[in-house]
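Following: one structure in structure tokens, then a few remarks.
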Amino acid sequence: MISSAESEPPRLLSCGICWKTYSQPKILPCLHTFCSNCLMEYLPAESLGITCPVCRHQSILPQNGIEGLPNNNTLINLLSGSINDDQIFCPSHPKNCIELYCNECETAICYECTSAEHDQHEFDTIADAVNDQKKEMVTLVKEAKQRVPEIMQALKTIKKVKDELVENHTTAKRSALATFDLILNRLRQRRDLVLEDIKETFLNKEKALDCQRLALESTLKSVEQCSLLTENAIRSNKAHALLLVKKEVSPEIVSLCRSPLRCCPEENASLEFVAPQLNGLNETLESCGEVRTTTAVASESIAAGCGLRKCCVSKPTVVTVTTKDKQGRRVQRGGAELKATLTEKQTGLERKLPISDLGDGTYEIEYETSIPGPHVLDVTLYGDRLAGMPTIVSSYQQINERASSMSRIPRTATAPVKQRGVKRPSSRSVSMIHRRSDSNLYDDDLKFSIGNKGKNRGEFVNPQGVSSTPSGRILVADSNNQCIQSFGIGGEFKSRFQCSKDRIQRGRPTGIVVGFDGNYLVSDYENRWVACFSPTGNLVKKIGANKLLGPKGVCVTKAGNIAVVDNRACSILIFSSKGKLLYQWGNRGNAEHQLAGPHFIACTNDDLLVISDFHNHCVKVFEQDGTFRFAFGSNGEGNGQFNAPTGLAIDGKGNILVADWGNSRIQIFDSQGSFLSYINTSSDPLYGPQGLCMTSDGLVAVADSGNHCVKVYRYLQ
């Protein structure tokens, strides 16, 4: 009998989508291979490009779609070889044996192939090709074998964890049995005590009633005897009998007649067992012990905060650890075995750090340093180090009060606040190139750029918000020039109007979006309202006056409501299209439901609100009534990390595009916040990107505020 492991196809011959043996294997430009039918089912209808299911590389399809992708003839040959080890036949010419190797296509072919699809290619015999590639294969095998110690160590670690799991299982089971045995013994003791109490109460009451009954029966007997003697004496009519009876019996009869009778029962029949309230008992039993576990793993869990890199001597510093499971999903409960140590490199002194379990899968590690210089921070989860651990923390001496903290989150005396400072991106040269040159040596996604620094038409000073009209026009909130500028689909200047006719208070536009009625909604940071302009620049109305402190990002929900980010108040306000305030929520802080300097906002395809939380270095998702859904990202420079996120956009598939201000880049996430990719901006780097939008023709426009221009990138969904 063949085992299940033996019956499964070799992994190298298995499709990464269906996990079955390849059928008509097609190779993508990223060199990953999949079944032709699997790719057809995976590819969205009418899609012009494809994203690799394994590496997420995006590429454009040939004109005839999946069928136009090249066959992976090497795998086809391997599949044929796995069936017939004696001879391998050409998949294009089944009657011919494989005898040649095409160096250009890197595939084995037959002689007939040389006059067809491999015409004018360079060939070698199979034997020569094998000899040429032996060294490469040997090198690959050596590289593969070099991973054996790593795999062996991983197996040892897994065995150790499993052994601990078995031991913990035995301990937990023993503890549960002991606990419930104790409870059962206590219940039995209580039962016996209650039954004994019932019995004793019954016997006491029964004895009292029996004593009363016996006394009354004795009295009744005396009455009957005295009455009988007296009646007999009277009936005999004998003098001496009457005299004798009167003398002997009369006192007894008189005593019986005059003595009080105890006719009322001296006890009652009250005896019952009052059962406890079952609801309370059920609650008690349900809370009587629980199985506690967590799915957190060190390889996916992350530590965040500036405390990973630097801290101020004698100042409380907090590092936040967010635990995640093996699939990268955030764990929603606490109880994980987390340990942290801080070691002074100069003295070698190591100390354990206190850890606060917040109960929702996040933990806060608090520490202070006593001397300046490098320190080693190490954090482990169930004995395994978190990614990036150990890390070197630079402890510095405070020079002045201003340098002690750059966080805008107020400090409190009871809880130290994370040291979160936002550093301006490193200075880069400003590009004056408006349109992508074919001679550019960089292979990136830039299609063209609009404008440069200046005050004339088509020029900007610190552009902030960008938006796109259904007709393809690109709208720019030119903050320091205090105007709105409009450009055509190719970047040509179209129009410009000032945000205020008042020269004394001209306003400062920061965010812009096109409403359902075609008017432009512009958030004015200085005037503290959202202005509604017609496309020609006529002011239609003002929204949120006397309600907003510092509006920045603005978006329109599926219902046509207007959602505004109040940057100064760290809150979100939602107005109807007529300007009526519907919702207002949010306050300053670093809890999951709080915001710290929020910048921009976008509405997802599910009508959720996505907010860039600038000083908390993450993106948060809420329902429109303020209910927190989830957050993603942390402070850092890696994939999926931020250094002060700003602009947001949602593509047609619901993916979330985020402008990473401090890291000067644009990252792409799926609708659940998992990192997918980024837009390549290498040839003309961004410098502090702000607003972000998708244009009507599927491009991505970003306000490159530091370079005082707007850049438009290709984007393959």
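The backbone N, Cα and C atoms fix where each Cβ goes, and this holds for glycine too.
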What range among 403-433, 465-495, 620-650 does TrEMBL record as region 'Disordered'? 403-433
For the domain 'B box-type' (85-126), could you work out the same-chain residues 6 or more beyond its ends whose Cβ comes under 8 Å from its Cβ atoms? 71, 73-74, 76-77, 132
Beyond a gap of at least 6 residues from its ends, the CB atoms lying under 8 Å from the repeat 'NHL' (447-490) belong to 430-436, 496-500, 506-514, 518, 520, 522-523, 525, 533, 535, 537, 552-554, 600, 647, 684, 690-697, 699, 701-705, 707-714
When each of 293-395, 586-625, 632-672, 673-716 is checked against the repeat 'NHL' (537-578) for Cβ pairs under 8 Å, which one has the most? 586-625
Near the repeat 'NHL' (632-672) in space but 6 or more residues beyond its ends, with Cβ under 8 Å, are 44, 302, 304-306, 308, 320, 322, 420, 422-425, 428, 466, 553, 599-606, 610-615, 617-619, 678-679, 681, 685-694, 698, 700, 702-703, 706, 713, 715, 717
